[in-house]
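The domain 'PurM-like N-terminal' annotation in TrEMBL covers 25-135. Per TrEMBL, Mg(2+) 4 binding site is recorded for Asp27, Asp72. Per TrEMBL, the feature Mg(2+) 3 binding site maps to Asp27, Asp72, Asp208. Summarising the annotation, TrEMBL assigns Mg(2+) 1 binding site to Asp44, Asp119. As annotated by TrEMBL, Mg(2+) 2 binding site applies to Asp44, Asp72. Residues annotated as substrate binding site in TrEMBL: His51, Asp259, Trp315. The annotation ATP binding site is assigned in TrEMBL to Gly118, Asp119, Arg143, Ser210. The domain 'PurM-like C-terminal' annotation in TrEMBL covers 147-300. The Mg(2+) 5 binding site annotation in TrEMBL covers Asp211.
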Amino acid sequence: MEFSLIDRIRKLTAQGRDDVRLGIGDDAALLAVPTGQELAAAIDTMVEGVHFPSGTAAADIGWKALAVNLSDLAAMGATPAWALLALSLPNADAVFIDGLATGFAQLAQHYRLALVGGDTTRGALTISVAVHGFVPPGKALTRAGARVGDTVLVTGTLGDAAGGLELIQRKHGRDDEQTAYLVERLNRPMPRVAAGLALRERASACIDVSDGLLADLGHICTSSRVGAEIETALLPRSPALLDLFGDAASCEFALAGGDDYELCFTVPPQQVAAVQADLARLGCSATCIGRIVEGKGIQILDREGRPLAPGRQGWDHFSA
Ligand code: ADP
Ligand code: MG
C-alpha cells in the first residue's frame, strides 16, 4: 500500500507500548511477551455482505473487526496487547481507509492495544484482524471445564444485534432511540474484556456469543461432554428489543441470533452470587439462564418448564 496511507494508519494506532520493540514499517513486528505469561492468539475475518451489510460505515467496520477479536480474547480471560490487520480493498480509497483506521483506533485506545503490522491487497472488501494477549500460565478460560450442576450465565443482553440487523435489512429502521440502540449493538459491539479477566478465577468454562447462544453454548457442551437446560423466561433482553419485536421474536433472536459478543459461562452454583457481584462492580450484568446437565445438547424450556424444539418459529415470521 502507499506509504502515506500506512503511515496514517500507524499514527492513528500507535500506543507507545514498550513491549513493541518494532512496530509497523519493517518486514515483521518484533514483540516481547512479558516473562512468565502465555500468549493468547486469535484471528477473525469479516467479508462485506457476509459479516456486515454492504454500506456499513468504514469506522464501524474498523471497530467491529477489532471488537470480534477482542471478544475472543475476553472469552479466554486474556489481556489484549497487539494486533495485525490484513485489508483487502476494491480500491485504494483514502477516505475509507482513514475511516476504518479511525474506528479501529477508537476501540484499540480503550485497551492500549497496539496495531503492529498488517497487509493490504486489492480485492473484495475483506478485513482480517489477528490479536494477541497475555494470560498467566494455566489460567486461561476454555470451553472444556463445565460440570454437571454448574449454573449457566450470560453477560448483558442477548439478541440486540440480530434485532438491529433485521431492522437494517427490512428497512423497518425508524428514526428513534430504540432503533439506534439496536443498530449500535450490531455495529459497535463492546467486547467483555474486563468481565473475562474477572471470570478467570471463577468460571469453569467460557465462550463468547458470536454465532448465537444455542450454537455457542453448544460448543461448551461438546467440549465439556455435558448437556444444558436453558429457560426462555430467563433470557436477558433489552427493553428496546422487547419493545420493537415482542416476547416471541426477541426470544428467538436471543437464542439463535449472532453478533452479540456477550460472554456465556458456567460456574458452580455456590459461586454465582460472588461472580455476579464481581461483574456488577465492572458495570456488567450477568444473568442465570439455566444449568449444565448430564447428556448432550441443549434443552430449551418454555415459561411453563416444557421442553421446546429450537427453531420452531422461523425467522421469516418476524416483523417489527
Ligand atoms: P511487505 O511487502 O514487507 O509485507 P508491506 O508493504 O506489505 O511490506 O507493508 C509495509 C509495512 O506496513 C509492514 O510493516 C506492514 O506490517 C505494514 N502494513 C501494511 N499494511 C498494513 C495495514 N493494513 N495495517 C497495518 N500495517 C500495515
Ligand atoms: Mg505485506
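Here the Cβ of each residue, glycine as well, is placed from N, Cα and C on the backbone.
Under DSSP, the residues of the domain 'PurM-like N-terminal' (25-135) split into helix, strand and coil as follows: 36 helix, 45 strand, 30 coil. Ligand 2 lies under 6 Å from the Cβ of none of the binding-site residues Asp27, Asp72, Gly118, Arg143, Asp259.
Residues from the binding-site residues list (Asp27, Gly118, Asp259) with a C-beta closer than 6 Å to any atom of ligand 1: Asp27, Gly118.
Site extent for ATP: the farthest pair of Cα atoms among Gly118, Asp119, Arg143, Ser210 sits 31 Å apart. Sequence-distant contacts of Asp44 (Mg(2+) 1 binding site), defined by Cβ-Cβ distance under 8 angstroms and a gap of at least six in the same chain, are Ala65, Val68, Asn69, Asp72, Ser128, Val129.
Here the candidates are the binding-site residues Asp27, His51, Asp119, Asp259. The one whose C-alpha lies nearest to that of Ser210 (ATP binding site) is Asp259. The two recorded residues Arg143 (ATP binding site) and Asp208 (Mg(2+) 3 binding site) have their Cα atoms spaced 10 Å from each other. Neighbour density for Asp72 (Mg(2+) 4 binding site): within 10 A of its CB lie 22 other CB atoms from the protein chains shown. Each of the binding-site residues His51, Arg143 was scored by the other Cβ atoms within 10 Å of its Cβ; the lowest score goes to His51. A distance of 11 Å separates the Cα atom of His51 (substrate binding site) from that of the residue listed as 'Mg(2+) 5 binding site'. Geometry remark: Asp259 (substrate binding site) versus Asp27 (Mg(2+) 4 binding site), CA distance 34 Å.
Rounded to the nearest whole angstrom, the C-alpha distance between Gly118 (ATP binding site) and Asp208 (Mg(2+) 3 binding site) is 25.
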